[in-house]
Amino acid sequence: MLCRELNTSFVLGVMLVYGLSQGFTGSFFRVVTDFYWKDVQKVQPSAVQMYIGFYYIPWILKPVWGILTDMFPVRGYRRRPYFILAGVLGASTALTISMEGKLSIPVALLCLVGMAAGVAIADVTIDACIAKNSIEKPNLAPDLQSLCSFVSSVGALIGYSSSGILVHLLGSQGALGLMAIPAVFLVLLGFAIFERKTNHPRENRAVGEKVREAVFGMGRTIRCPEVWKPSLFMFLSIALSLSTHEGQFYWYTDPKAGPAFSQGFVGIIYAIGAIASIIGVLIYHKRLKNHPFRSLIFYSQLLYSASGMLDLIFILRWNLKLRIPDYIFVILEECVSRVISRIRWMPMIVLSTRLCPAGIEGTFFALLMCIDSLGSLGSKTGGGVLLNLFHVTRTDFRNLWLVVFIRNLLRLVTVALVFLVPYTTQLDALLPSKLLNGNNGSDVENLKLVSMKQVEVDETL
């Protein structure tokens, strides 16, 4: 249906960025960097949890990338140069960390943040088009987000499936070097994507004026109760769900205190979780996309809190008392949590696309995603502090169950904040008409993928 309503090449571009750059790279990056910090740098889980927070800095800067792509065309192009920049940045940092031996922790962290920045810049570039199409054709907004989540989950499935095996064969540093391949595809996308040069008379105005208009438009929009209330909920729902991932990862692979899962099996766990994410997307798309935002988020948040108790059961090894082997229980836990997480996240993303005003869709959507990234930064940092506070180390996991229990309680607290989410269907207009139809400073063109030969023909004309 999307190919009939939208340009087929735009759909292919979404699949490339979300499937390869985000889905594959994100999942592969997650597993390989966990082993890199544990086996190469040999740092404590609480420290790793804090380092991971730095990965979110490029995502927090998404409004900056959005302003650059909306307001600062390079030689008349708003999109193509930024795909190339994202690819060059990702490829160079991936090759550096894989080929330079054991780097110091600050340099290694800088390279990993650079890899995350490449993905973030490409994400902002394609999100501008997604937001614009969601505004122009609101009935397609859930379908667009379903496509993004579906191809991202497929890419994640491939990344998770191959990560453990490649870490075993190449080591974590060698596996990180392979992440230059998706980045190279971003460079190629930057050269292959067709975009008409910007020749609008407004381009003659001072850049500062255009930036002020965009900032004013964002400020005016974020002050609307229809916008700041759901934005606040999304931030709190993420920040209050403290991440305990690194503590659990170290416990998973510990031969004495934990189940001692191998590198390959860890990848399999996450790969099966990616399949579960796809199922979550399909459930949302087929059964839930027409339900009101508030009721859907309320019940999914409630289930999200309850699913966290499976982690607690596993850490306390109650599954063995129930005669359920570790490898079966961890797969069951991963599947349940990933399905619920995806169902919980999908309406929030759709809601974010519906909150973007006309003219600065890319920049404002980037601002909303920046708010979410701030929540993730708070979640990772808070989780690291909690792990350190309860003395969860590389070898001591006695208090890990208590950390997970506190995390689950905070998830439950978030349910009380659902009143901030509008009680409207996912097809209703949320913004006032003056914001929905107004001009806030920048035109964002649709993108079309064509061959380089076709690009040359159009430029000649």
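Sequential numbering from 1, following the chain as shown.
Cβ from N, Cα, C; glycine included.
The transmembrane segment annotation in TrEMBL covers 12-32 (among others).
If you look up TrEMBL, you'll see 52-69 (among others) marked as transmembrane segment. Proximity of distant same-chain residues to the transmembrane segment (52-69), defined by a Cβ-Cβ separation under 8 Å and at least 6 residues beyond the stretch ends, is recorded for 33, 78-79, 82, 109, 112-113, 116-117, 119-121, 123-125, 128, 211, 214, 218, 243, 246, 360, 362-367, 369-370, 373-374, 376-377, 380-381, 384.
Residues or ranges marked as transmembrane segment in TrEMBL: 81-99 (among others).
For 105-126 (among others), the entry in TrEMBL reads transmembrane segment.
Taken from TrEMBL, the feature transmembrane segment covers 147-169 (among others).
According to TrEMBL, the transmembrane segment annotation covers 175-194 (among others).
Taken from TrEMBL, the feature transmembrane segment applies to 232-252 (among others). Remote same-chain partners of the transmembrane segment (232-252), defined as residues 6 or more beyond its termini with a Cβ less than 8 Å from a stretch Cβ, comprise 34, 38, 45-46, 48-49, 52, 258-259, 261, 266, 297, 301, 304, 311, 315, 330, 348, 351-352, 368, 371-372, 374-376, 378-380, 382-384, 386-387, 392, 394, 397, 400, 403-404, 406-407, 410-411, 413-414, 417-418, 420-421.
The feature transmembrane segment is assigned by TrEMBL to 264-284 (among others). Counting only same-chain residues 6+ beyond the ends of the transmembrane segment (264-284), those with a CB under 8 A from a CB of the stretch are 27, 30-31, 146, 149-150, 153-154, 156-157, 159-165, 167-168, 249, 252-253, 327, 330-331, 334-343, 346-347.
Residues or ranges marked as transmembrane segment in TrEMBL: 296-318 (among others). Within the chain carrying the transmembrane segment (296-318), a Cβ under 8 angstroms from the stretch's Cβ atoms is held by residues 233, 237, 241, 244, 248, 251, 288, 326, 329-330, 332-333, 336-337, 340-341, 343-344, 347-348, 397, 400-401, 404-405, 407-408, 411-412, 414-415, 418, 421, all 6 or more beyond its ends.
Sequence-distant contacts of the transmembrane segment (362-379), counting only residues of its own chain at least 6 positions beyond either end whose CB sits under 8 Å from a CB of the stretch, comprise 53, 56-57, 59-63, 65-67, 69-71, 123-125, 127-132, 214, 217-218, 221-222, 231, 234-243, 352-353, 355-356, 442, 444. The transmembrane segment annotation in TrEMBL covers 362-379 (among others).
Look at TrEMBL and you will find 399-421 (among others) tagged as transmembrane segment. Residues of the same chain lying 6 or more positions beyond the ends of the transmembrane segment (399-421) and with a Cβ under 8 Å from any Cβ of it are 229-230, 232-233, 236-237, 240-244, 247-248, 251, 293-294, 297-298, 301-302, 304-305, 308-309, 311-312, 315-316, 351, 383, 386-387, 390-392.
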In the same chain, which residue numbers or ranges, 6 or more beyond the ends of the transmembrane segment (81-99), come under 8 angstroms Cβ to Cβ? 21, 25, 65, 68-69, 74-75, 108, 110-112, 114-115, 117-122, 124-125, 173-174, 176-180, 182-191, 193
